[in-house]
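**Student:** Swiss-Prot lists 10-18, 29-30, 57-61, 116-119 with the feature GTP binding site. Per Swiss-Prot, the feature motif 'Effector region' maps to 32-40. For 89, the entry in Swiss-Prot reads phosphoserine. Residues or ranges marked as region 'Hypervariable region' by Swiss-Prot on the basis of similarity to another entry: 166-185. Taken from Swiss-Prot, the feature ubiquitin cross-link applies to 170. The S-palmitoyl cysteine annotation in Swiss-Prot covers 181 and is backed by similarity to another entry. As annotated by Swiss-Prot, S-farnesyl cysteine applies to 186, with the evidence given as similarity to another entry.
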């Protein structure tokens with residue numbers, strides 16, 4: 001069984017825990033209890049492959065930002081979550097993305113942009129804005145509602161597919177001999 005280490009990041013109160021709990025336990029948590037760090041595991045079948053999802057639900061609060069580097073190092077893919085009714089959380093996505101790229105020392109890290117709370121009538125982040133941001137990053141964008149479960153599986157499963165593509169790309173580049181053990185071309189003298 002293939003294991004995938006997924007990390008859910010985003011500002012405080014955007015619904016990271018609600019999304020994760022909706023996926024894992026099939027219910028909506030409506031009271032807000034700020035997370036420090038929670039880990040969940042779930043076995044699912046995605047595209048015919050049995051997968052073990054190891055999901056790290058992270059703190060959005062700024063006072064826990066020092067912990068971010070550690071979980072970013074171990075994560076293979078990232079759900080970058082903002083709330084469609086919170087423009088600041090949308091603006092913060094770039095900070096999370098830059099930190100992930102810095103910690104992973106790579107511009108090519110599997111990510112999915114997630115606009116949560118799409119069940120709410122008031123929207124301050126336009127869908128078009130979010131699509132444009134995702135396109136500029138070269139990553140998928142999915143709108144979700146942890147409350148109605150809309151898009152929840154799609155978001156996590158899309159991230160697994162992104163990780164699969166990334167793994168295949170890495171495998172193919174190492175098999176064709178263009179990459180050495182240090183990720184550099186090999187030269188024989």
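Note: Cβ is positioned from N, Cα and C throughout, glycine not excepted.
Describe the structural context of these features.
**Tutor:** The Cβ of residue 118 (GTP binding site) has 20 neighbouring Cβ atoms from other residues within 10 Å, across all protein chains displayed.
When secondary structure is read from DSSP and collapsed to three states, residue 89 (phosphoserine) falls in the helix class. Around residue 89 (phosphoserine), the same-chain residues at least 6 positions away in sequence with a Cβ under 8 Å from its Cβ are 10, 11, 13, 14, 81, 82, 83.
Secondary structure from DSSP puts residue 170 (ubiquitin cross-link) in a helix.
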**Student:** Pick from 10, 13: which of these binding-site residues has the biggest number of other Cβ atoms within 10 Å of its Cβ?
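**Tutor:** Max Cβ neighbours within 10 Å, all protein chains included: 10.
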**Student:** Please determine which of the recorded positions listed here (16, 170) has the lowest count of neighbouring CB atoms within 10 Å.
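**Tutor:** Lowest Cβ count within 10 Å among the recorded positions (16, 170) is 170.
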**Student:** Quick one: among the binding-site residues 29, 58, which has the most Cβ atoms sitting within 10 Å of its own Cβ?
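**Tutor:** Result for the most crowded candidate: 58.
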**Student:** Looking only at C-alpha atoms, tell me how far residue 170 (ubiquitin cross-link) is from residue 58 (GTP binding site), rounded to the nearest Å.
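**Tutor:** Between the Cα atoms of residue 170 (ubiquitin cross-link) and residue 58 (GTP binding site), the distance comes to 27 Å.
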